[in-house]
2 protein chains.
Amino acid sequence: MKILEERIKQDGVVLPGNVLKVNQFLNHQIDPDLMLDIGKEFVNLFGKEKITKILTIESSGIAPAMMTGLLLHVPVLFGRKKKSSTMPGDVYCAHVYSYTKKIENTVTIESKFLNKNDRVLIIDDFLANGEAVSGMLEICQQAHAQVVGVGIAIEKSFQGGAKRIKDQGVHLESLAKIASFDNGQVQFVEESK
Amino acid sequence: MKILEERIKQDGVVLPGNVLKVNQFLNHQIDPDLMLDIGKEFVNLFGKEKITKILTIESSGIAPAMMTGLLLHVPVLFGRKKKSSTMPGDVYCAHVYSYTKKIENTVTIESKFLNKNDRVLIIDDFLANGEAVSGMLEICQQAHAQVVGVGIAIEKSFQGGAKRIKDQGVHLESLAKIASFDNGQVQFVEESK
């Protein structure tokens, strides 16, 4: 997705440890118009799948997921990293390790919001090692819900998570695919251009 | 706002300790079309204020803030409850106590995203004791940014936060105002109907 790649080139900052900081438009300050464009692209890619629900994880997944849900008129469900005080005992959960933050979160979904009749599109802001997406796939499996696809804004292709998920037969699409951060510069995978 | 009040009556669950659970459409599962309606209402109320930025706190404030930002074509900035690993030292922060969760969070905003030229609309999902909004007002004060208004989806009017904030001369508008949870039933403040 050209405008997302251009925005990453313009405003993204490469930090040590292969971390890409996009606080300017996605992870802290959010550009709603860009999020709508991302939502439109996910609708182009997955819109024919009769999606009943969008699944994401707080907090940075919420914005792109919301715009996709708005365009498809389906509910957006976000996993909480801590169990909320207003959540009952009946939940699905998965353990998700964050390599960036070096902590493990337990992601929780109330079981009444996901069931075997759901056709789920999983959306997230970043995919690196694939821990968050794997956790969401696990939650859908617990709910016997069908995952029709995974839509990612920014994939760090060199970290292997995308390959691992596709190898399970999951239809995964990423709008910007990063090949490397060599010399602190963002290099995109050629095929995505 | 009639449709929000109706949705609260239909799907809200009153829990002990004056907690209203709206996990069906706002705090866990989100209804994007309702969020767009909420955004339109905030634009009706504050749209003439030459807003340059929307400020909220993760996670449940993001959805209504995003829709308002989309309609006004201005960036949405969300405060993080934990300092992110990709955040530099140069931040504004405020301590926010959550009576529902019984914990204190340090809400953090990167200082480069807020300055004296900003005209800020603060948006949040709930207002009870006003701790979160007070924290965001404090952050705007640190940044010398002008707060043009505060837009709240659901106000628990009986808990005093709204009065305390209005007494500071802040233009605060809430779309659904709850007078009481007597006998486990949601009673709205009459004037909002």
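Cβ atoms here come from the backbone N, Cα and C positions, even for glycine.
Keep in mind that TrEMBL annotations are predicted by a computer and have not been checked by a curator.
On its own chain, B:ASN27 (xanthine binding site) has B:LYS21, B:SER60, B:ASP125 as residues at least 6 apart in sequence with a Cβ closer than 8 Å to its own Cβ. In the three-state DSSP assignment, the secondary structure recorded for B:ASN27 (xanthine binding site) is coil. If you look up TrEMBL, you'll see B:LEU20, B:ASN27, B:LYS156 marked as xanthine binding site.
Positions annotated as domain 'Phosphoribosyltransferase' by TrEMBL: B:44-168.
Per TrEMBL, the feature 5-phospho-alpha-D-ribose 1-diphosphate binding site maps to B:ALA128, B:ASN129, B:GLY130, B:GLU131, B:ALA132. Listed in sequence order, B:ASN18, B:TYR99, B:THR100, B:LYS156, B:GLN159, B:GLY161 are the same-chain residues six or more apart from B:ALA128 (5-phospho-alpha-D-ribose 1-diphosphate binding site) with CB atoms under 8 A from its CB.
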Item checked: Packing count at B:GLY130 (5-phospho-alpha-D-ribose 1-diphosphate binding site) (other Cβ atoms within 10 Å of its Cβ) -> 23
Check: How far is it from B:GLU131 (5-phospho-alpha-D-ribose 1-diphosphate binding site) to B:LEU20 (xanthine binding site), counting Cα to Cα, in Å?
Finding: 17
Item checked: Under 8 Å by Cβ from B:LEU20 (xanthine binding site), counting only residues of that chain that are 6 or more apart -> B:ILE8, B:GLY12, B:VAL13, B:VAL14, B:PHE126, B:ILE154, B:LYS156, B:ILE178, B:PHE181, B:VAL186
Check: Mind checking how the domain 'Phosphoribosyltransferase' (B:44-168) divides into helix, strand and coil residues in DSSP?
Finding: 41 helix, 46 strand, 38 coil
Next item on the list: Filter the binding-site residues B:GLY130, B:ALA132, B:LYS156 down to the ones with a Cβ under 8 Å from chain A's Cβ atoms, keeping sequence order.
Entry: none
Check: So which other residues, same chain and not among B:LEU20, B:ASN27, B:LYS156, have a Cβ within 8 Å of the centroid of the Cβ atoms at the xanthine site?
Finding: B:GLY12, B:VAL19, B:LYS21, B:VAL22, B:ASP125, B:PHE126, B:ALA128, B:ILE154, B:ILE178
Next item on the list: Name, in the order they occur in the sequence, the residues of the same chain whose CB lies under 8 A from the CB of B:ALA132 (5-phospho-alpha-D-ribose 1-diphosphate binding site) and which sit 6 or more residues away.
Entry: B:ILE57, B:GLY61, B:VAL96, B:SER98, B:VAL107, B:ASP124, B:PHE126
